[in-house]
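One structure below.
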Amino acid sequence: MTPRKLLTIVVLIAVLGFGYYSMNAAPVLSDHDYTYQGGIEWHEDPDEAIAVAEEQDKPVLVYYWTTWCTYCQEYSDNHYQNEEIRGELDEYVLLAINLDEPGPGASLASEHEAAYPPQHVIMTADGEEVSRLGGYVEEDRFLEELRSGADSA
Amino acid sequence: MIPNTLTPGTLLIAIAAFASSLAAILLLYGYVYRTDELRPVTLVAASTSTLSLVVAHTYLTYQFVVGDYTNAYVWQNSADYLALLYRLTGPYANHEGSILLWATLTAVVATWTVYSSRFEGRGANLAQSISLGIVAAFATMLVAQSPFTPIEVAFPDTPAGFVPPDGDGLNPLLVDPWMAIHPPITFSAYALLIVPFALGVTHFVSLFRGEDSVFDEWLGSMRQWLRVSWLLLTAAIVFGGIWAYGVLGWGGFWSWDPVETAVLIPWLALTGSLHAINRYGKTGEYPIFAPASATLVFPIVTFATTVVRSGVFRSVHSFAAGGIGTGILFLLGVTGTTAIALPFTYWFLEAEEGSRDADEPWLSRRTVYHGAVLAFGVLAFVSIWGLSFPVIRNAATGVEVSVGQDHYNLWSYPVVVVGLLAGGMYALLDLRRRKLAIGATAAVAVSTLIAAFIAPSANWYLSDPAAHDPLVYRIVGSVSVLSIVPPAAYFAGSWIWRYVDRIRGVPSRTFKIRETGIVLTHVGAAMLIVAVSFIYLFSTSASVAVVGIDDAGTDPEPIVEESPDGEYEVHVRNYETVEEPTIEEAARSPEEVLAVDEDASLVRGEITAIDSIDGTAIARLEDSSVWLAGADDSLFEEGDEVIARGTVFEGETAATDAQAFVYTDADNMGPVSDPPRDVHTPRVTSHELDVTVYEGGERVAEGTLAEQEYLHSQMNTNDAVIERGIAGDTYVVGSIDERSASITIDTYPLANQIWFGVVLMIVGMTAVTLADSRRDQ
């Protein structure tokens, strides 16, 4: 056994350990039913979200995001942590669609022409679009959009 | 294949696919049966393949330059208003064209190896066969998904014979001069890597067959291939970084976007491989690892491309596509398996057990060097794994996890620190200063640990971990960034010392150039690492909202606003909008109106005759067969030069020789001096604003901010004002519309040390490459 072989083996074991550890330590963004953007539960299936919206008579907030979008990270870290915004979000049924893997949300994404993240679309429970917010906006502007959307929907 | 998809361009690619496959098979035959009698045919086949691809690429570029929108790819990625530069770069704006560029460059390199006298002997046939086989794989995927697909095939709803009057436009983010050189450089680097791959595979096959390896013979030239490739790849990453810095939304130079991460992996692998090969060339160590690592770089590049292009991984560049996505996955599978399986099998079955010299201490130069090489491998793995495990975990469990910057930053950081310590220690061991090396490394390691606890403010911590974050993130995240300084300084210092010691008294100029190159590369790397560690932690950001900017256009006095904390004062002047194309540029000549197929046209010309048909006034333009028409008979005046927009009708009356009428009215027409601007929608509207930023009464930045709105895209681009300084950059960018602007002032400390470090590395590597090529001669 040369020192180099020993070193290689130690590093290999460390790398395997790193791989296992980091994979399990990564924060969960979504499981089979929900997406967790900013720690809030969002629906993934538009049909499901619309059904809930009809039942509760609420508008739907559709959020188009991706894992690599830095502005989405901003939304998660700041906007969705803001108490006022959180309060306003309660007025909505939340639907988040990952643009890279839209799954059942694919047709809605193309209907909304959501080509890049982040995008927020407010729609009524019948699927009628109320307003659209492309890209990144400051928190107060976002709040304003949510308020006026909830009022008009 | 449906016959009408077989355009001349696709045919060229098909010829290349056939010719390169033929050449690969002939070369393989020549290798197996030890014959050179088919060489003339092989040479013809190889050059036919390259020539076809070069012509195909030139032809595609030509289609972009003239705006041939019958080709769907051209229509999707170009438009009339774009400047010539962006028509020349249009071919690699998207998927098919960039693979064509890669294939073409690969073919040039592969054919060069066939013709070059440097590669001779039995193994050469196999190496050349592998190179051309890769060209064949590229060409085949391009036949399946051609950049020459006619528009009516790509969009079956298109009426037969329809030619779009204008293109859909180029992705706004790519309308940037840096993007014009970034792809060719990247793909040149990638193309060069097929040679080390082919040589490496040949090396192991020869070993298995008990033949002489070609590796030793070609070592010198292989090392040069890898170095040139390294230089190009480094330049490509830097140009990409400069572009990302200028284009808002990507978070500065680097945000661990999958594309950025993906290109870093081959760079790390290449750097590690160069270290192993240098060692092999000098001492014969790494007899398996050196060729194996060189072999592996090409599959890693393919992996990077898979990440960027196949849609398996998530990224802004991904296009879930048919032929090319599958083709690249295939290429990755085959080359990756070969590059891993061959060396490993050889290692398990054939390799002789190396033994330690009796007098070799445990902490020897070799071991420390090996530690540094391993560090490159581990760094590459951190990035590979960060890209891969979300996909693996998602496929296995359906659970989606996020991989943030913390994953990459916090896992890589300790490896970089250890790598720097090992590198510094190696340089001292190389000076035969064993005791000093061990003592100094221990001392630096201790000061690194102490520095890890010194954090004058919260900015100094590597991250801001939350209580629920995993333990490792909480530990590494609460380390002070000051801890990078001792190992980096030690690393740079000991390499400089080694340099001074080595060149002392040596007369050879080549040797001196080579050593200077080596020291510059290492010092540049240390500088880069320190600057990169600090820049994001100490960047600051402040925003200012400015309203009423439309009044600023005429007012000589600037609008003055302060940032909320009073740190900056922003003066705003001269708001204006610039349209591209302007109505004058967009208006077609009468000939162009006849040539394109559109319902409504914007036309420009001098009225050369006036007439009327059934109460409709008509006016001839430029003595052509295009006439304007309008209900109001006082609308037209002979001799006026006008711009008019209107519905186009085919000419039907016998009274005039008109081929087309443009039916317009007073609102849609005007003289060239005062054209009807409202009827024209520009492709790009740029909102421009002059700003001056003061900090504590001192001017810190001045220039013109701009935000571009694109007609067919929801994405805007921004031109920032960057004021560079030794301590860092002041970066001003604004989101601007007709009424207001939201101006952000960011500071990036040590930004220019990043560029400086990279320049040192590039200069250093160039010096080493030149010195070695001089020595070889």
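If you go along the chain as it appears here, the first residue is 1 and each next one adds 1.
Just so it is clear, glycine is given a Cβ too, placed from its N, Cα and C backbone atoms.
In TrEMBL this protein carries:
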TRANSMEM  B:41-60  transmembrane segment
DOMAIN    B:93-311  domain 'Cytochrome c assembly protein'
TRANSMEM  B:99-117  transmembrane segment
TRANSMEM  B:187-208  transmembrane segment
TRANSMEM  B:228-253  transmembrane segment
TRANSMEM  B:259-277  transmembrane segment
TRANSMEM  B:289-308  transmembrane segment
TRANSMEM  B:369-391  transmembrane segment
TRANSMEM  B:411-429  transmembrane segment
TRANSMEM  B:436-455  transmembrane segment
TRANSMEM  B:475-497  transmembrane segment
TRANSMEM  B:518-538  transmembrane segment
DOMAIN    B:679-766  domain 'Cytochrome c-type biogenesis protein CcmF C-terminal'
TRANSMEM  B:754-771  transmembrane segment
Quiz item: Between the transmembrane segment (B:369-391) and the transmembrane segment (B:187-208), do 3 or more CB pairs sit under 8 angstroms, pairs being 6 or more residues apart?
Solution: no
Quiz item: According to DSSP, how is the domain 'Cytochrome c-type biogenesis protein CcmF C-terminal' (B:679-766) divided among helix, strand and coil residues?
Solution: 17 helix, 50 strand, 21 coil
Quiz prompt | Segment proximity, the transmembrane segment (B:518-538) to the transmembrane segment (B:259-277), 3 or more C-beta pairs under 8 Å | solution = no
Quiz item: Excluding the flanking five residues on each side, which residues at least 6 beyond the ends of the transmembrane segment (B:99-117) place their CB within less than 8 Å of a CB in that stretch?
Solution: 13, 16, 20, 23, 27, 42-43, 46-47, 49-50, 53-54, 56-57, 60, 91-92, 124, 127-128, 131-132, 134-135, 138-139, 141-142, 147, 183-184, 187-188, 190-192, 194-195, 198, 309, 324
